[in-house]
Amino acid sequence: MTYAIRAEGLVRRFGATTALAGVDLAVPTGTVFGLLGPNGAGKTTTVRVLATLLAADEGHATVGGYDVRRDAHRVRQIIGLTGQYASVDEALTGTENLLLIGRLLGLSRAGARARAGELLARFHLSDAADRAAKTYSGGMRRRLDLAASLVGRPQVLFLDEPTTGLDPRSRSELWDTVRGLVADGVTVLLTTQYLEEADQLASEIAVVDHGRVIAQGTPEELKAKTGGQVLTIRPTDPADLATVVAIAGEAAAASPEVAQTTVTVAVNNPGVLPAVVRRLDDAGVPVAELALRGSSLDEVFLHLTGHRAESDAPTGADLERTPA
Amino acid sequence: MTAATVTAPLAPARRLGVVAGLRHTLTLAWRSLVQIKHNPMELLDLSIQPVMFVLLFTYVFGTAIAGSPGEYLTFALPGIIVQNALFATMTTGFGLNNDLTKGMFDRLRALPIARWAPLAGRILADTVKQAWSVSLLIGVGAILGFRLGNGLLGLLGAFALLLVFSLAAAWISVLVGVLVSEPDKVQIFGFTVIFPLTFTSNVFVPTDRMPGWLQNWVEVNPVTILADALRGLLVGGPVVGPAAKAMIWAVVLAGVFAPLAVRALRRRV
């Protein structure tokens with residue numbers, strides 16, 4: 001198997017903060033690789049290092065076989081990059097934005113114009129081709145941004161949170177586009193905060209947290225690791241929280257987390273739910289809410305790291321157990 | 001698209017030639033200029049302020065300071081051109097900051113283009129804008145009675161000197177553009193620095209009409225020196241002395257601010 005992207009031990013510090021604490025990646029050519037993690041996990045920094053925008057302090061990486069430091073100019077000839085914010089020139093029209101990139105990539109005037117027309121049509125922007133990009137909707141800007149990163153027919157495409165802030169329809173359109181690109185042989189490195197997105201697109205996912213890859217595998221493997229399901233219990237009386245935590249923890253054989261008045265615990269075994277219901281009943285604890293659902297990114301994180309995806313705080317369970 | 005995706009160069013070039021870099025610079029300058037087409041307000045911005053300054057100063061202060069609007073125009077127009085040129089350098093920092101904050105700069109840096117092309121393209125475009133406002137100022141001045149004392153040669157000399165000085169001063173703008181968090185702050189910086197700088201020169205009022213303590217500063221103020229050089233070239237009078245001093249200032253400004261700006265830019269991206 002050949003790898004379009006390889007990274008070994010990437011470390012990058014910003015002052016006292018360590019954004020990357022030793023990232024290793026191997027992305028097989030012609031696949032979608034998902035980099036999944038919360039804000040500040042190091043996803044964007046990883047992409048910036050691989051796209052030659054930022055030098056790593058330690059470690060090395062190759063894209064298309066070229067070293068991102070020593071052969072940066074070659075890497076830039078085979079990559080496309082769509083950042084977290086649609087980075088198009090808002091004062092230019094859709095056509096002009098694509099002409100600019102085409103000309104910079106060395107296409108002839110006519111060649112750049114033809115390529116621009118082709119991409120605008122493909123992304124349903126032909127009608128808006130001669131309007132300044134600042135008049136575009138969010139979804140249109142994203143499409144133009146993606147079109148701009150495809151002008152040079154990249155072999156490797158970096159998509160940094162491409163659907164953040166998009167409505168569901170634009171999101172699924174973008175997913176279709178990515179699938180089409182991969183069918184054409186393009187390798188895609190996708191960063192996302194959404195498990196669903198990684199699940200939909202990626203054949204392999206690396207979960208990053210605090211600048212490290214903490215788990216890697218196919219979406220199915222990851223979901224299996226997290227136990228797949230989560231049990232949520234909210235007692236009617238918050239005074240019962242400690243009892244609920246004890247019961248849930250024992251039944252699920254895992255350490256539950258408490259957020260406000262709700263207890264959540266990862267569940268691997270179908271017998272847990274009836275067991276919990278029985279014990280709650282035995283203990284005489286009235287319950288306002290009791291639910292079993294599939295795992296989300298939150299639970300993947302909870303399971304893998306012991307802390308919630310959105311916060312940098314130590315495990316919620318530790319914090320919350322004390323007052324109860 | 002299907003068959004075409006695989007046509008990327010099989011063996012990408014290792015390095016980039018200077019000619020390619022110049023081509024990138026031209027393309028990026030086109031990018032900065034073509035937007036005027038969609039935003040005619042920008043052209044008005046470039047035109048109204050200088051014209052307004054000429055008209056206001058000539059007719060409001062002219063008689064009081066120089067005895068007549070005509071004489072004052074001869075005195076003040078070269079300086080107004082300097083002031084305008086300094087304000088115009090701020091567009092470089094403004095545009096750069098816009099690119100940095102909106103992510104456009106990253107997009108350009110991820111392309112296989114010369115590293116210096118985005119900045120050079122911007123500066124080239126701003127030089128074209130600069131040329132437009134200078135021509136406009138001379139044109140309006142001519143209508144109001146300003147006469148060139150040294151003909152076309154003087155005009156070309158004035159333009160060349162102004163260009164060199166602006167290129168040097170643009171590094172201050174680049175530094176500010178890299179350091180501030182949003183484009184509007186570049187404008188604010190421009191106004192708070194350039195206004196006092198040009199008003200404490202001999203652009204609008206002759207040095208001997210100012211308080212003694214201020215005269216000391218006015219005489220070393222680079223704006224005074226450049227204005228004197230332009231008066232020499234456009235109207236008549238000493239040229240070599242002020243022009244040489246203006247060039248020294250340009251070298252000092254570029255020598256100090258270019259490395260600072262480049263370092264700040266490396267740090268920010």
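Placement of Cβ uses the backbone N, Cα and C atoms for every residue, glycine included.
Whatever TrEMBL says is automated annotation, not expert-curated.
Sequence annotations record features per position, and here TrEMBL assigns domain 'ABC transmembrane type-2' to B:41-268. Marked as transmembrane segment by TrEMBL: B:46-66, B:72-96, B:131-148, B:155-180, B:186-205, B:246-265.
Proximity of the transmembrane segment (B:72-96) to the transmembrane segment (B:246-265) is not established, fewer than 3 Cβ-Cβ distances being under 8 Å for residue pairs spaced 6 or more apart. Counting only same-chain residues 6+ beyond the ends of the transmembrane segment (B:46-66), those with a CB under 8 A from a CB of the stretch are 72-73, 75-77, 80, 83-84, 87-88, 129, 132-133, 136-137, 140-141, 144, 204-206, 209.
The transmembrane segment (B:246-265) is in contact with the transmembrane segment (B:155-180), judged by 3+ CB-CB distances under 8 Å for residue pairs 6 or more apart in sequence.
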